[in-house]
Amino acid sequence: MSAPRTALSSARQLSNGLIRRTNPRKRFLPLPSTVRSFTNNKPLRSQATAAQEPIVESERPSPVTSVNQPLSFPCLDALDTKTQSLTKQKKSLSGPEPSYAAGETEHFHSASPILLDWGGVLPEFDIAYETWGTLNADKSNAILLHTGLSASSHAKSTAKNPKPGWWEKFIGPGAPLDTDKYHIICTNVLGGCYGSTGPSSIDPLAENNTSSAQKDRYATRFPILTMQDMVRAQFRLLDWMGIDALYASVGSSMGGMQSLAACVLEPSRVGKVVSVSGCARSHPYSIAMRHTQRQVLMNDPAWSSTRGNYYPSIPPHAGMKLAREIATVTYRSGPEWEQRFGRRRADPSKPPALCPDFLIETYLDHAGEKWCLEYDANSLLYVSKAMDLFDLGDEHMRTLDGVRKSNAWKLDGFAAGTAKEEEKAGLCNLTLPDTPYEEQDETSSELLASSPEEAKRARETSSAALIAEEPPEDLVKGLQALSGTPALVMGVASDILFPAWQQREIAAALRKAGNRRVTHVELGEDRSLFGHDTFLLDLEGVGGEIRRFLG
């Protein structure tokens, strides 16, 4: 005889409850139960009796409503408010686009075209720069300071621009970059938005509209560029300044890439190299993080609906904010945030929210908010892509050299003013692969055995090889140009964007290339928990090593 339905149901509930309590980490699906349709089943006797009894009005159940109130989303409201504000500015003709100027700078204008590595040509370009210290008579004390991705040329305050710079304490009398000894030059990179030619600049070859305020900007007509292209533009500036050779090429983060590239391109013009938290080739994790930022940005409707030509309308501030939040995660370290924020909430007295709630969330939200209109979105796309393309390995450098040679003829047309439209239209072509990469079922050992070439490449990039400081032969060949240049290579153990093995790789490759004057310093977590941003914050650790190395 079957058990009564109610008893069976209660037993199931009790059983499920006991299982959940005794196995708190394991999830169980509820036991199957019979589904009963109240419209088709006959009412039970008790139900029929109850149906005949009159219902007192006061006992009548009220209409069913949710007891849960919908959440509010002040973070999204803030984005809407910002968009509305920018729209009003556009309608009032007060200028919808933010000002990307970083204060008063010097400007160098090159009227000669520049050929870029991937076939693009800029018919002319500007470089914004600032200087500190005095250039001596024979112009032998110049140091070229290379910036990070989003930095301007304003590394230190000047009489024209008293606002503190991004390396304020690192530059000055007696500082690591001692202005009593050296003449420091810092530029905004080609492709940037702080005075140098970039996607937000006016395209001199485009047909201008009648209104001077609506002249055609490059936008995504701006050609793909590389770290080496940025360095070539900087050396064009040095030529104009009459500086034949640098005392040193110094840079951190993206600037650490450029400081190496400068010596690879012009080994006879660089006396010393300082690369802090940089790399000689971008690795997949950093490429993936920057790709994610670009995808978030390009999927902002303000960008995607205009395909990057948002300058006459609303800038993609929401995408920029989110991209910056992602970037900020890679700039700092987990241990620092554990100490600084932990799991604390901004206001424990309030219920949890889906908008920023934990202190770490409010920190990221603020980082994105304060930056979203400070930098041009297209500059972020182009400059970050240049970082991804960076590889000083011999094979890649030979490939770029071949591409440059095959496009050298374009300079003649641009110089003569006879460049054809179809030539200009093909300066930048991005194609997707026919078949996307798919996960393989094979094991690591099977993958290593798939081909000798893949096995060799895997061995060279394996953790064991990195720990043993065995750099790839391709990179050793690529860095041969630095074999006679004194080099300081610094890394930070807590850095996840440019992990410390990349700086060990640079130092090992330089030594294997024959360089006997390589100084490698790695700041452990006992000295810095600031991750990649250590180069901006650690005056004693980073600055002290630079001071000692420069002499």
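Note: Cβ is positioned from N, Cα and C throughout, glycine not excepted.
Residues or ranges marked as region 'Disordered' by Swiss-Prot: 1-69 (among others).
The feature compositional bias 'Polar residues' is assigned by Swiss-Prot to 7-16 (among others).
The annotation compositional bias 'Polar residues' is assigned in Swiss-Prot to 34-50 (among others).
When pLDDT values are averaged over the domain 'AB hydrolase-1' (141-406), the model yields 95. Under the heading domain 'AB hydrolase-1', Swiss-Prot lists 141-406.
Under the heading region 'Important for substrate specificity', Swiss-Prot lists 148-151. Residues 166, 252-255, 371, 375, 380, 383-384, 387 of the same chain, all 6+ positions outside the region 'Important for substrate specificity' (148-151), place their C-beta atoms under 8 angstroms from a C-beta of that stretch.
Under 8 Å, Cβ to Cβ, and six or more positions away along its own chain, ARG290 (site 'Important for acyl-CoA specificity') finds SER384, LYS385, MET387, ASP388. Taken from Swiss-Prot, the feature site 'Important for acyl-CoA specificity' applies to ARG290, supported by similarity to another entry.
Sequence annotations record features per position, and here Swiss-Prot assigns substrate binding site to ARG324, ASP533 based on similarity to another entry. Within the same chain, the residues at least 6 positions away from ARG324 (substrate binding site) whose Cβ sits under 8 Å from its Cβ are ALA367, GLY368, TRP371, CYS372, listed in sequence order.
Marked as region 'Disordered' by Swiss-Prot: 434-464 (among others).
According to Swiss-Prot, the active site annotation covers ASP495 (among others). Taking the Cβ of ASP495 (active site) as reference, residues of its chain lying under 8 Å away and at least six apart in sequence are, in sequence order, SER277, SER333, GLY531, HIS532, THR534.
Swiss-Prot lists HIS532 (among others) with the feature active site. DSSP assigns HIS532 (active site) to a helical segment in the three-state reduction.
Mapped onto three states, the DSSP output places ARG324 (substrate binding site) in helix. Taking Cβ-Cβ distances under 8 Å and a sequence gap of 6 or more within the same chain, the neighbours of ASP533 (substrate binding site) are TYR331, ARG332. In the three-state DSSP scheme, ASP495 (active site) falls into the coil class.
A simple way to gauge crowding: the CB of HIS532 (active site) has 23 other CB atoms within 10 angstroms, across all the protein chains here. DSSP classifies ARG290 (site 'Important for acyl-CoA specificity') as helix under the three-state reduction. Across the region 'Important for substrate specificity' (148-151), DSSP classifies residues as 0 helix, 0 strand, 4 coil.
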